[in-house]
Amino acid sequence: MPARIISREEYLILAKVAEEAERYEDLVAQIKGLTQTYGALTIEERNLLSVAYKNITNSLRSSWRVVDSMEKIESARPSAQSKHQVSLIRRQRVRIEKELTDACKDIVKLLTDSLLATAKAGEETVFYYKLKGDYYRYLAEFAQQQERSRYSDLSLAAYKFAYKHALAMLEPTHPTRLGLALNFAVYYHDVRKSPERACHLGKHAFDEAVACLDDSSSMQVMRDSMMILQLLRDDLVIWSSEMQRDAVSK
């Protein structure tokens, strides 16, 4: 007897149960099932996809930073015992790196093989290319030098495509366009080590959005846009301070 095809509604119910239970690997499985069975995702479904991978990778990125910091501190100590401890800590770091690499490559593959092929022009295309830029950026954060350069270039290409498309298709106050501008600016600051370019991009997006704010958007869109603008402003303040400190120290 052939297996019964799960309906779209059933997939969505199971995905929401997984999200509520914080079982994000299960959530990924449900969204993949949706994609394989029904193709393009709805806005609600792709937001669940984003939530799933964000939670999986945020936890791993946080763990990696803790272990990487421990390894650096222990490496500064000269004793033989410290060398052994460094070896053990490094083993754990490498294990976390593999899990994080696998998660990032998994969503990039899903985007490349399935979701981008069926994406409509406009918000959906920007959303998916932004995700592609994000997860290549995460890979660039901890990769070794040669791989870091490759992932950095792949992230930049995805962000550039998304940003060019967003400028042509989305309003300056659109939350997806603003979220892209925020993450693209973070890329320039964190990966390319260029607070100047980060500030230039971020300030341009911020100023354009503020100039276009009005009461015609829905309350939810306004709330989302204002939250991203606040994050963008906070980052601009920090990055501007960094540039001022660097200018004084030179």
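Just so it is clear, glycine is given a Cβ too, placed from its N, Cα and C backbone atoms.
Now, the feature entries from TrEMBL:
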DOMAIN    8-250  domain '14-3-3'
SITE      Arg61  site 'Interaction with phosphoserine on interacting protein'
SITE      Arg137  site 'Interaction with phosphoserine on interacting protein'
_Cα-to-Cα gap, Arg61 (site 'Interaction with phosphoserine on interacting protein') vs Arg137 (site 'Interaction with phosphoserine on interacting protein'), nearest whole Å_ = 12
_Quick check on the recorded sites Arg61, Arg137: which one has the highest count of other Cβ atoms within 10 Å of its Cβ?_
Arg137
*Can you give the mean pLDDT for the domain '14-3-3' (8-250), rounded to a whole number?*
93
